[in-house]
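Written out below as C-alpha coordinates is the structure these notes cover.
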Amino acid sequence: MAVANLTTEQAILTEVRKQNRNRRALRLWLGFVLLALFCLVLVGGATRLTNSGLSITEWKPIHGVIPPLSAAEWDEEFRLYQRIPEFQQLNSAMTVDEFKGIFWWEWAHRLIARGIGVIFALPLIFFWLTGRIEKRLRWPLVGILALGGLQGFIGWWMVSSGLSVRTDVSQYRLATHLVMACLIFAGCMWIMRGLSPHSNDPAPARSSRGFAAAIAIFALFQIYLGALVAGLDAGFSYNTWPLMDGAVIPSDLLIQQPFWINAFENPKTVQFIHRIGAYTLFALTLINMVIALRAAPWTTHARRAVVLFSLVTLQAAIGIATLLMQVPLHWGLLHQAGALVVFGFAVANWRGFYGEYPHATAIAERD
(Lines of atoms letter the chains of each structure in order from A and count residues from 1; the text may use other names and numbers.)
(Lines give C-alpha, C1' and ligand atoms only; values in the text may rest on other atoms or scores of the structure.)
Protein backbone atom coordinates (compact mmCIF):
# COMPACT_ATOMS: atom_id res chain seq x y z
CA MET A 1 0.00 0.00 0.00
CA ALA A 2 2.82 2.40 0.95
CA VAL A 3 4.64 1.62 -2.29
CA ALA A 4 1.47 2.24 -4.29
CA ASN A 5 0.84 5.55 -2.56
CA LEU A 6 4.44 6.64 -3.19
CA THR A 7 4.16 5.71 -6.84
CA THR A 8 0.91 7.66 -7.16
CA GLU A 9 2.37 10.71 -5.47
CA GLN A 10 5.46 10.62 -7.69
CA ALA A 11 3.25 10.43 -10.78
CA ILE A 12 1.24 13.40 -9.56
CA LEU A 13 4.37 15.41 -8.83
CA THR A 14 5.67 14.64 -12.30
CA GLU A 15 2.39 15.91 -13.75
CA VAL A 16 2.59 19.09 -11.66
CA ARG A 17 6.14 19.76 -12.87
CA LYS A 18 5.00 19.25 -16.47
CA GLN A 19 2.09 21.62 -15.95
CA ASN A 20 4.41 24.25 -14.46
CA ARG A 21 6.69 24.00 -17.50
CA ASN A 22 3.71 24.41 -19.80
CA ARG A 23 2.52 27.43 -17.84
CA ARG A 24 5.92 29.06 -18.11
CA ALA A 25 5.84 28.58 -21.88
CA LEU A 26 2.34 30.06 -22.09
CA ARG A 27 3.34 33.03 -19.93
CA LEU A 28 6.32 33.72 -22.19
CA TRP A 29 4.10 33.57 -25.27
CA LEU A 30 1.41 35.81 -23.81
CA GLY A 31 4.04 38.23 -22.52
CA PHE A 32 5.39 38.58 -26.05
CA VAL A 33 1.86 39.12 -27.38
CA LEU A 34 1.30 41.83 -24.76
CA LEU A 35 4.51 43.56 -25.81
CA ALA A 36 3.43 43.45 -29.45
CA LEU A 37 -0.01 44.81 -28.54
CA PHE A 38 1.64 47.61 -26.60
CA CYS A 39 3.70 48.55 -29.67
CA LEU A 40 0.60 48.34 -31.86
CA VAL A 41 -1.31 50.78 -29.66
CA LEU A 42 1.63 53.20 -29.69
CA VAL A 43 1.95 53.07 -33.47
CA GLY A 44 -1.81 53.55 -33.67
CA GLY A 45 -1.47 56.61 -31.46
CA ALA A 46 1.28 57.99 -33.66
CA THR A 47 -0.89 57.35 -36.70
CA ARG A 48 -3.65 59.44 -35.14
CA LEU A 49 -1.39 62.22 -33.85
CA THR A 50 0.32 62.60 -37.24
CA ASN A 51 -3.03 62.55 -39.08
CA SER A 52 -1.93 59.50 -41.04
CA GLY A 53 -4.94 57.24 -40.52
CA LEU A 54 -6.63 57.97 -43.86
CA SER A 55 -3.53 57.62 -46.02
CA ILE A 56 -4.47 54.08 -47.11
CA THR A 57 -7.96 54.19 -48.56
CA GLU A 58 -8.45 50.49 -49.32
CA TRP A 59 -8.62 47.42 -47.13
CA LYS A 60 -6.47 44.59 -48.46
CA PRO A 61 -5.93 42.10 -45.61
CA ILE A 62 -3.48 39.96 -47.63
CA HIS A 63 -2.13 42.03 -50.52
CA GLY A 64 -1.83 45.12 -48.33
CA VAL A 65 1.23 43.68 -46.62
CA ILE A 66 3.31 44.77 -49.62
CA PRO A 67 3.80 48.56 -49.80
CA PRO A 68 4.27 50.48 -53.06
CA LEU A 69 7.63 49.48 -54.55
CA SER A 70 7.88 51.69 -57.63
CA ALA A 71 7.21 55.30 -58.54
CA ALA A 72 4.14 54.22 -60.50
CA GLU A 73 2.73 52.35 -57.51
CA TRP A 74 3.33 55.36 -55.26
CA ASP A 75 1.57 57.60 -57.78
CA GLU A 76 -1.41 55.23 -57.84
CA GLU A 77 -1.60 55.12 -54.04
CA PHE A 78 -1.39 58.90 -53.92
CA ARG A 79 -4.17 59.22 -56.51
CA LEU A 80 -6.44 57.15 -54.29
CA TYR A 81 -5.69 59.45 -51.38
CA GLN A 82 -6.41 62.52 -53.54
CA ARG A 83 -10.01 61.36 -53.95
CA ILE A 84 -10.96 61.74 -50.28
CA PRO A 85 -12.07 64.93 -48.47
CA GLU A 86 -9.01 65.05 -46.22
CA PHE A 87 -6.74 65.68 -49.18
CA GLN A 88 -9.16 67.92 -51.04
CA GLN A 89 -9.98 70.17 -48.08
CA LEU A 90 -6.86 70.03 -45.90
CA ASN A 91 -3.87 68.67 -47.82
CA SER A 92 -4.37 69.75 -51.42
CA ALA A 93 -0.79 71.06 -51.63
CA MET A 94 0.72 67.76 -50.45
CA THR A 95 3.37 66.13 -52.65
CA VAL A 96 4.04 62.43 -53.16
CA ASP A 97 7.07 62.58 -50.88
CA GLU A 98 5.01 64.20 -48.14
CA PHE A 99 2.33 61.57 -48.66
CA LYS A 100 4.89 58.84 -48.04
CA GLY A 101 5.47 60.26 -44.57
CA ILE A 102 1.89 59.63 -43.50
CA PHE A 103 1.53 56.42 -45.50
CA TRP A 104 4.26 54.60 -43.61
CA TRP A 105 2.59 55.15 -40.20
CA GLU A 106 -0.70 53.61 -41.32
CA TRP A 107 1.05 50.81 -43.20
CA ALA A 108 3.18 49.97 -40.14
CA HIS A 109 0.09 49.95 -37.93
CA ARG A 110 -1.69 47.50 -40.21
CA LEU A 111 1.41 45.34 -40.62
CA ILE A 112 1.93 45.01 -36.86
CA ALA A 113 -1.75 44.15 -36.44
CA ARG A 114 -1.42 41.35 -38.99
CA GLY A 115 1.77 40.17 -37.31
CA ILE A 116 0.05 39.94 -33.94
CA GLY A 117 -2.60 37.74 -35.51
CA VAL A 118 0.14 35.37 -36.64
CA ILE A 119 2.10 35.32 -33.36
CA PHE A 120 -1.12 34.64 -31.48
CA ALA A 121 -2.77 32.09 -33.78
CA LEU A 122 0.19 29.87 -34.68
CA PRO A 123 1.47 29.29 -31.11
CA LEU A 124 -2.14 28.79 -29.97
CA ILE A 125 -2.55 25.99 -32.51
CA PHE A 126 0.80 24.47 -31.52
CA PHE A 127 0.12 24.59 -27.78
CA TRP A 128 -3.38 23.19 -28.31
CA LEU A 129 -2.27 20.27 -30.52
CA THR A 130 0.59 19.34 -28.17
CA GLY A 131 -1.65 19.38 -25.11
CA ARG A 132 0.07 22.30 -23.40
CA ILE A 133 -3.09 24.37 -22.93
CA GLU A 134 -5.30 23.46 -19.99
CA LYS A 135 -8.92 22.82 -20.94
CA ARG A 136 -10.21 25.78 -18.94
CA LEU A 137 -8.09 28.15 -21.06
CA ARG A 138 -8.77 26.84 -24.55
CA TRP A 139 -11.97 28.69 -25.36
CA PRO A 140 -10.99 31.92 -23.60
CA LEU A 141 -7.89 32.00 -25.81
CA VAL A 142 -9.97 31.24 -28.90
CA GLY A 143 -12.25 34.08 -27.81
CA ILE A 144 -9.31 36.47 -27.71
CA LEU A 145 -8.32 35.35 -31.21
CA ALA A 146 -11.88 36.01 -32.39
CA LEU A 147 -11.77 39.49 -30.85
CA GLY A 148 -8.56 40.10 -32.77
CA GLY A 149 -10.33 39.23 -36.03
CA LEU A 150 -13.24 41.47 -35.11
CA GLN A 151 -10.77 44.24 -34.33
CA GLY A 152 -9.55 44.14 -37.91
CA PHE A 153 -13.08 44.81 -39.16
CA ILE A 154 -13.53 47.57 -36.57
CA GLY A 155 -10.31 49.19 -37.77
CA TRP A 156 -11.55 49.35 -41.35
CA TRP A 157 -15.01 50.46 -40.17
CA MET A 158 -13.26 53.32 -38.39
CA VAL A 159 -11.14 54.30 -41.42
CA SER A 160 -14.14 54.14 -43.76
CA SER A 161 -15.87 56.85 -41.70
CA GLY A 162 -13.36 59.37 -43.03
CA LEU A 163 -13.34 58.47 -46.71
CA SER A 164 -16.51 60.07 -48.06
CA VAL A 165 -17.70 63.17 -46.17
CA ARG A 166 -15.54 63.76 -43.12
CA THR A 167 -11.93 64.93 -43.13
CA ASP A 168 -11.13 62.66 -40.19
CA VAL A 169 -12.40 59.43 -38.65
CA SER A 170 -15.41 59.28 -36.36
CA GLN A 171 -14.41 59.78 -32.73
CA TYR A 172 -16.97 57.13 -31.76
CA ARG A 173 -15.37 54.54 -34.03
CA LEU A 174 -11.88 55.58 -32.93
CA ALA A 175 -12.90 55.05 -29.30
CA THR A 176 -14.44 51.67 -30.14
CA HIS A 177 -11.22 50.63 -31.89
CA LEU A 178 -9.03 51.61 -28.93
CA VAL A 179 -11.33 50.05 -26.33
CA MET A 180 -11.36 46.78 -28.26
CA ALA A 181 -7.55 46.81 -28.35
CA CYS A 182 -7.56 47.33 -24.58
CA LEU A 183 -10.00 44.45 -24.06
CA ILE A 184 -7.73 42.13 -26.04
CA PHE A 185 -4.78 43.39 -23.99
CA ALA A 186 -6.74 42.81 -20.78
CA GLY A 187 -7.69 39.28 -21.81
CA CYS A 188 -4.07 38.33 -22.42
CA MET A 189 -3.00 39.98 -19.17
CA TRP A 190 -5.74 38.22 -17.19
CA ILE A 191 -4.78 34.77 -18.42
CA MET A 192 -1.04 35.36 -18.08
CA ARG A 193 -1.52 36.59 -14.50
CA GLY A 194 -3.63 33.54 -13.71
CA LEU A 195 -0.82 31.28 -14.94
CA SER A 196 1.67 33.00 -12.63
CA PRO A 197 2.42 31.95 -9.04
CA HIS A 198 0.54 34.00 -6.43
CA SER A 199 1.27 34.77 -2.81
CA ASN A 200 -1.02 33.47 -0.10
CA ASP A 201 -1.40 36.89 1.50
CA PRO A 202 -4.99 37.57 2.59
CA ALA A 203 -6.90 40.38 0.91
CA PRO A 204 -6.81 43.65 2.89
CA ALA A 205 -10.62 43.80 3.08
CA ARG A 206 -13.70 41.96 1.85
CA SER A 207 -14.29 44.68 -0.68
CA SER A 208 -10.73 44.58 -2.07
CA ARG A 209 -11.57 42.45 -5.08
CA GLY A 210 -14.56 44.58 -6.02
CA PHE A 211 -12.58 47.77 -5.53
CA ALA A 212 -9.80 46.44 -7.75
CA ALA A 213 -12.39 45.62 -10.42
CA ALA A 214 -13.84 49.13 -10.18
CA ILE A 215 -10.39 50.67 -10.67
CA ALA A 216 -9.64 48.54 -13.74
CA ILE A 217 -13.03 49.24 -15.31
CA PHE A 218 -12.78 52.95 -14.61
CA ALA A 219 -9.26 53.01 -16.10
CA LEU A 220 -10.75 51.54 -19.29
CA PHE A 221 -13.49 54.18 -19.24
CA GLN A 222 -10.82 56.86 -18.89
CA ILE A 223 -9.05 55.44 -21.95
CA TYR A 224 -12.36 55.64 -23.81
CA LEU A 225 -12.62 59.31 -22.85
CA GLY A 226 -9.03 59.82 -23.97
CA ALA A 227 -9.93 58.36 -27.36
CA LEU A 228 -12.76 60.88 -27.69
CA VAL A 229 -10.27 63.62 -26.80
CA ALA A 230 -7.94 62.40 -29.54
CA GLY A 231 -10.72 62.00 -32.08
CA LEU A 232 -11.98 65.55 -31.54
CA ASP A 233 -8.52 67.12 -31.11
CA ALA A 234 -9.90 68.20 -27.74
CA GLY A 235 -6.40 68.35 -26.27
CA PHE A 236 -6.06 71.75 -27.92
CA SER A 237 -9.25 73.20 -26.39
CA TYR A 238 -7.84 74.23 -23.01
CA ASN A 239 -4.08 74.23 -22.57
CA THR A 240 -4.02 75.53 -19.02
CA TRP A 241 -4.05 73.73 -15.66
CA PRO A 242 -5.48 73.43 -13.03
CA LEU A 243 -8.04 75.96 -14.31
CA MET A 244 -9.52 75.78 -17.78
CA ASP A 245 -8.81 79.22 -19.24
CA GLY A 246 -9.27 80.80 -15.83
CA ALA A 247 -12.36 78.89 -14.72
CA VAL A 248 -12.98 75.76 -12.68
CA ILE A 249 -16.05 75.00 -14.78
CA PRO A 250 -15.98 76.78 -18.16
CA SER A 251 -19.16 78.42 -19.38
CA ASP A 252 -19.30 76.83 -22.83
CA LEU A 253 -19.61 73.16 -21.88
CA LEU A 254 -23.29 72.84 -22.87
CA ILE A 255 -23.54 74.99 -25.98
CA GLN A 256 -24.68 72.17 -28.30
CA GLN A 257 -28.23 70.83 -28.43
CA PRO A 258 -29.44 68.46 -27.21
CA PHE A 259 -27.29 69.08 -24.15
CA TRP A 260 -26.13 65.48 -23.74
CA ILE A 261 -24.41 65.52 -27.13
CA ASN A 262 -21.77 67.83 -25.62
CA ALA A 263 -20.32 64.87 -23.71
CA PHE A 264 -19.39 63.25 -27.02
CA GLU A 265 -19.05 65.99 -29.64
CA ASN A 266 -18.07 69.21 -27.87
CA PRO A 267 -14.24 69.17 -27.64
CA LYS A 268 -14.22 71.42 -24.58
CA THR A 269 -16.74 69.29 -22.71
CA VAL A 270 -14.95 66.07 -23.62
CA GLN A 271 -11.66 67.44 -22.29
CA PHE A 272 -13.42 68.60 -19.11
CA ILE A 273 -14.89 65.13 -18.52
CA HIS A 274 -11.51 63.52 -19.21
CA ARG A 275 -9.95 65.75 -16.56
CA ILE A 276 -12.67 64.83 -14.04
CA GLY A 277 -12.06 61.18 -14.89
CA ALA A 278 -8.37 61.59 -14.15
CA TYR A 279 -9.09 63.15 -10.77
CA THR A 280 -11.55 60.35 -9.99
CA LEU A 281 -9.07 57.61 -10.90
CA PHE A 282 -6.42 59.33 -8.78
CA ALA A 283 -8.83 59.39 -5.82
CA LEU A 284 -9.84 55.74 -6.28
CA THR A 285 -6.26 54.50 -6.32
CA LEU A 286 -5.36 56.71 -3.35
CA ILE A 287 -8.24 55.29 -1.29
CA ASN A 288 -7.30 51.78 -2.39
CA MET A 289 -3.70 52.32 -1.29
CA VAL A 290 -4.66 53.75 2.11
CA ILE A 291 -7.02 50.84 2.81
CA ALA A 292 -4.41 48.27 1.79
CA LEU A 293 -1.61 49.85 3.83
CA ARG A 294 -3.79 50.12 6.92
CA ALA A 295 -5.40 46.69 6.73
CA ALA A 296 -2.60 44.54 5.33
CA PRO A 297 0.78 46.31 5.36
CA TRP A 298 3.82 44.49 3.99
CA THR A 299 1.67 42.20 1.84
CA THR A 300 1.82 41.83 -1.93
CA HIS A 301 -1.63 43.41 -2.13
CA ALA A 302 -0.39 46.53 -0.35
CA ARG A 303 2.69 46.74 -2.55
CA ARG A 304 0.56 46.46 -5.67
CA ALA A 305 -1.71 49.22 -4.37
CA VAL A 306 1.29 51.50 -3.88
CA VAL A 307 2.61 50.75 -7.37
CA LEU A 308 -0.82 51.34 -8.92
CA PHE A 309 -1.23 54.69 -7.20
CA SER A 310 2.30 55.69 -8.25
CA LEU A 311 1.58 54.79 -11.88
CA VAL A 312 -1.65 56.81 -11.87
CA THR A 313 0.15 59.78 -10.31
CA LEU A 314 2.89 59.62 -12.93
CA GLN A 315 0.31 59.29 -15.70
CA ALA A 316 -1.54 62.35 -14.40
CA ALA A 317 1.70 64.34 -14.41
CA ILE A 318 2.42 63.25 -17.99
CA GLY A 319 -1.11 64.21 -19.01
CA ILE A 320 -0.77 67.68 -17.49
CA ALA A 321 2.60 68.22 -19.17
CA THR A 322 1.19 67.04 -22.51
CA LEU A 323 -1.71 69.46 -22.16
CA LEU A 324 0.43 72.45 -21.23
CA MET A 325 2.78 71.82 -24.17
CA GLN A 326 -0.20 71.51 -26.56
CA VAL A 327 0.18 67.82 -27.32
CA PRO A 328 3.58 67.37 -28.97
CA LEU A 329 3.89 63.97 -30.65
CA HIS A 330 6.32 62.34 -28.21
CA TRP A 331 4.44 63.51 -25.13
CA GLY A 332 1.12 62.43 -26.61
CA LEU A 333 2.54 58.96 -27.24
CA LEU A 334 4.03 58.85 -23.74
CA HIS A 335 0.61 59.67 -22.32
CA GLN A 336 -1.03 56.91 -24.35
CA ALA A 337 1.66 54.45 -23.29
CA GLY A 338 1.12 55.43 -19.68
CA ALA A 339 -2.61 54.82 -20.01
CA LEU A 340 -2.02 51.27 -21.23
CA VAL A 341 0.51 50.59 -18.46
CA VAL A 342 -1.95 51.81 -15.82
CA PHE A 343 -4.77 49.75 -17.29
CA GLY A 344 -2.62 46.64 -17.67
CA PHE A 345 -1.38 46.85 -14.09
CA ALA A 346 -4.92 47.51 -12.84
CA VAL A 347 -6.11 44.33 -14.58
CA ALA A 348 -3.18 42.33 -13.17
CA ASN A 349 -3.92 43.72 -9.72
CA TRP A 350 -7.58 42.71 -10.03
CA ARG A 351 -6.63 39.20 -11.20
CA GLY A 352 -4.23 38.90 -8.27
CA PHE A 353 -7.15 38.58 -5.84
CA TYR A 354 -8.30 35.34 -7.51
CA GLY A 355 -5.07 33.40 -7.13
CA GLU A 356 -3.31 31.13 -9.58
CA TYR A 357 -5.34 28.78 -11.73
CA PRO A 358 -5.75 25.52 -9.76
CA HIS A 359 -3.43 22.71 -10.70
CA ALA A 360 -4.86 19.55 -12.14
CA THR A 361 -4.01 17.61 -8.98
CA ALA A 362 -4.74 18.06 -5.30
CA ILE A 363 -1.17 17.38 -4.19
CA ALA A 364 1.17 20.38 -4.13
CA GLU A 365 4.81 19.94 -5.05
CA ARG A 366 7.08 19.85 -2.00
CA ASP A 367 10.69 20.97 -1.79
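Sequential numbering from 1, following the chain as shown.
Glycine too: its Cβ is placed from the backbone N, Cα and C atoms.
According to Swiss-Prot, the protein has these features:
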BINDING   HIS274, HIS335  heme binding site
TRANSMEM  25-45  transmembrane segment
TRANSMEM  111-131  transmembrane segment
TRANSMEM  139-159  transmembrane segment
TRANSMEM  174-194  transmembrane segment
TRANSMEM  210-230  transmembrane segment
TRANSMEM  276-296  transmembrane segment
TRANSMEM  305-325  transmembrane segment
TRANSMEM  327-347  transmembrane segment
Under 8 Å between C-beta atoms and at least six residues away from its ends: which parts of the chain pack against the transmembrane segment (25-45)?
105, 108-109, 112-113, 115-116, 119-120, 123, 127, 132-133, 137, 177-178, 181-182, 184-185, 188-189, 191-192, 195-196, 230, 332-333, 336-337, 340, 344
Look over the recorded stretches 111-131, 139-159, 210-230, 276-296 and say which has the most C-beta pairs under 8 A to the transmembrane segment (327-347).
210-230
Between 139-159, 174-194, 210-230, 305-325, who has the most Cβ pairs under 8 Å to the transmembrane segment (276-296)?
305-325
Reduce the DSSP letter at HIS335 (heme binding site) to three states and note it down.
helix
What DSSP gives for HIS274 (heme binding site), in three states, is helix
HIS274 (heme binding site), number of other Cβ atoms within 10 Å
20
Residues sitting near the transmembrane segment (305-325): Cβ under 8 Å, six or more positions beyond its termini, same chain?
204, 215, 235, 238-241, 278, 281-282, 285-286, 288-289, 291-293, 331-332, 334-335, 338-339, 341-342, 345-346, 349
